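Asks: The structure is given below, and queries will be raised subsequently.
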Amino acid sequence: MKLIKNRVQILRERLNYLEYLYYVKSESKVSDEEYDILLEELRQLEFKYPYLITKSSSTQSISNVCDNSLNRIRHQKPMLSLNSIRDKSQLLLFDKRIKYKLSNHYNINQNLIVYCCELKIDGVALSILYKQGKLVHAATRGDGKIGENVTKNVNAIDSIPKNLKKNNNEILPDLLEIRGEIFISKLSFSKLNQEMLSSGKKVFSNARNAASGSLRQLDPHVTELRSLVFCCYGISYYAGLKQLPNSHWGRLKLCNRWGLSINNYIQIVSGIDPVLEYYNYVRKIRSELEYQIDGIVIKIDNCIYQDQLGCGFRAPNWAVAYKFPAELKLTKLNDVVFKVGRTGLITPIAYINPVVIGNVIIKKVNMHNVNEVKRLNLMIGDTVIVQRSGDVIPKILKIILENRVDNAKFIKIPEFCPSCGSILKVEDNKSSVLRCLAKLTCLAQRKSALKHFASRKAMNIQGMGSRVINQLVDKGLICTPVDFFSLSKEKLLCLDRYGEKSAERLLQSILIAKEITLSAFIYALGIPGVGESVSNKLAYMYRTIENLMNADLQSFLQLKFIGKIAAMNIYSFLHQSDNYNNIQGLIRSNLIFK
């Protein structure tokens, strides 16, 4: 029984972490399929052992995934997710359940349930509240009950009306809560990444992440320049004298008349067979669309039936997302390079002949660990099948062994760090996790740690990007984070293409960065296993950096939001002499904790 409890806890922590990355950080670490498998495993365990169910479980609610840098807004009605299906049999089962549940209350035609079929646009869900036709506020999904306030940014998006249109003496609802999707077109996404690349900034991995990151900008002017588009997909709440149609499609047409954009590919069908025809049709035209989609959404059109079927903890019972299978492409493996990460983790990166999957050019694939190279029996020159899982994460599925060339080269697993030459340690024999233990004496780790420290979510030193940090380290001008605060104009003028104005701007950014929240400072330290969420909680628990540094191991082990390994990592990191001296040096740099 203890093993079952441990597995449930591991699944919950993993799902919460993935939801936080997806909704707040705009990052996708696993494919949709992998996420769904984890969620389904947790659902099955909780079904078998119902006494293990908790309110915070991912099966019962959407995790608390709000960005702390944004204010929060409570939705009028919970903003739920959608259950996903991936094959015809699951669609038929969905239709069968709908008919069974409705037949208990209504005399329905068993063969002619009316469905509204829509494209599943790959973007960010948005809730907008109008009061007497005027936009009051807008919020992201958040945890489903409370979302992030993005009103200022939404006001900068042209496709969202600030005031609803009305014809002659038409009555508008006193309150109207609209739900829809914020997304970016393929063309705008390509242009945005070109601009990011030319300015030396990190590009977005996919259009969904670009839309999410653009919507959450602290500067609305940046959002305005990102060419975001809004598409309304429903009304979640209304109040007042205005009566709305009992048809979902009828309500969408009404929204369109009021000035809200709706999708051009919506179809109303009777029965489940036309739903399959719509699915197959959309798959054929998918590549021709101006924006990314990852499936279709099927909803019961009758709003009375919707109310009768109700909602689960995570998703409505009257709708489902029918996802497309991942796209596959054949290509050639040209090289495997072993990269040293910020914490010393050695990651194999596979470089391939470029292939286009889902309108994204794939040139390299993260292999995660050495075991993947061994499992796939990879050799340089092999023909490989690449999958863009969930249309997000590139992955090498397998090799075509019969296509292996005579001059294919064996991939040598490193014994020494590619950066500093230190002997690598095997941390996990099962997955062959390799790590360099040289820490900041390793040049690659030092650069990565300094980049992390200066990044936007950490110290947020504007202008201190990868190119600048690489030069500062290579020229011996900085070695530890403390060195950022002893930089002078004279030192900065040693950098390539750096003039007086650039140096003065960067020094001003360093000065501004000294005023920081405790949570951002903890995150900036780069403690293994401590991301933004844990940093926020540690800051809340300990209040000051002195309290955190003086805490004993038992104090960390008692924290409910981290496990034993994370607790030991935090304690060890804070009490390692170099780290301790580094933190003390940073405190002496006159940081102001706000």
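Placement of Cβ uses the backbone N, Cα and C atoms for every residue, glycine included.
Take a look at what Swiss-Prot says about it:
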- D32, E33, E34, Y35, D36, S81, L82, E118, R141, E181, K299, K323: NAD(+) binding site (BINDING)
- K120: active site, N6-AMP-lysine intermediate (ACT_SITE)
- C417, C420, C436, C442: Zn(2+) binding site (BINDING)
Asks: Among the recorded positions listed here (K120, C417, C420, C436, C442), which has the Cα closest to the Cα of L82 (NAD(+) binding site)?
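Replies: Sorting the recorded positions by distance from L82 (NAD(+) binding site), the top entry is K120.
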Asks: Taking only the recorded positions K120, C417, C420, C436, which one has a CA atom nearest to the CA atom of K299 (NAD(+) binding site)?
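Replies: When the Cα distances are compared, K120 comes out closest.
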Asks: Using C-alpha positions only, work out which of the recorded positions E34, D36, K120, R141 is nearest to C436 (Zn(2+) binding site).
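Replies: Checking each of E34, D36, K120, R141 against C436 (Zn(2+) binding site), the shortest Cα distance is to E34.
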Asks: In this structure, which of the binding-site residues C420, C436, C442 has the fewest other Cβ atoms within 10 Å of its Cβ?
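Replies: It is C420 that, of the binding-site residues C420, C436, C442, has the fewest other Cβ atoms within 10 Å.
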Asks: Roughly how many Å separate the Cα of D36 (NAD(+) binding site) from that of K120 (active site, N6-AMP-lysine intermediate), to the nearest whole number?
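Replies: Given the Cα positions, D36 (NAD(+) binding site) is 17 Å from K120 (active site, N6-AMP-lysine intermediate).
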Asks: Cα of C442 (Zn(2+) binding site) to Cα of E34 (NAD(+) binding site): how many Å, rounded?
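Replies: Per the Cα atoms, C442 (Zn(2+) binding site) and E34 (NAD(+) binding site) stand 34 Å apart.
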Asks: If you count CB neighbours within 10 Å, which one among the binding-site residues L82, C417 has the smallest count?
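Replies: The binding-site residues L82, C417 were compared, and L82 has the fewest Cβ atoms within 10 Å.
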Asks: Let me know how many other Cβ atoms fall within 10 Å of the Cβ of D36 (NAD(+) binding site).
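Replies: So the number of other Cβ atoms within 10 Å of D36 (NAD(+) binding site) is 17.
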Asks: Find the shortest Cα-Cα separation between K120 (active site, N6-AMP-lysine intermediate) and the binding-site residues R141, C417, C420, and name the residue that gives it.
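Replies: Its closest listed neighbour, by Cα, is R141.
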Asks: R141 (NAD(+) binding site) to C420 (Zn(2+) binding site): how many Å between their Cα atoms?
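Replies: Pair distance, Cα basis, whole Å: 45 Å.
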Asks: Among all protein chains shown, how many Cβ atoms are found within 10 Å of the Cβ of K120 (active site, N6-AMP-lysine intermediate), not counting that one?
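Replies: K120 (active site, N6-AMP-lysine intermediate) is surrounded by 21 other Cβ atoms within 10 Å.
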Asks: Given the Zn(2+) site residues C417, C420, C436, C442, which other residues of that chain have a Cβ within 8 Å of the mean position of their Cβ atoms, reported in sequence order?
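Replies: What remains near the Cβ centre is V340, G344, P418, S419, G421, S422, L437, A438, T441, L443, A444, Q445.
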Asks: Write down the Cα-Cα distance for E34 (NAD(+) binding site) and C417 (Zn(2+) binding site), rounded and given in Å.
Replies: 31
Asks: Including all protein chains shown, what's the count of other C-beta atoms within 10 A of the C-beta of R141 (NAD(+) binding site)?
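Replies: I count 23 other Cβ atoms within 10 Å of it.
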Asks: Mind checking which of E34, K299 has the fewest other CB atoms within 10 A of its CB? They're the binding-site residues.
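Replies: Least crowded of the binding-site residues E34, K299, by Cβ count within 10 Å, is E34.
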Asks: Could you tell me which three-state DSSP class R141 (NAD(+) binding site) falls into?
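Replies: The three-state answer is coil.
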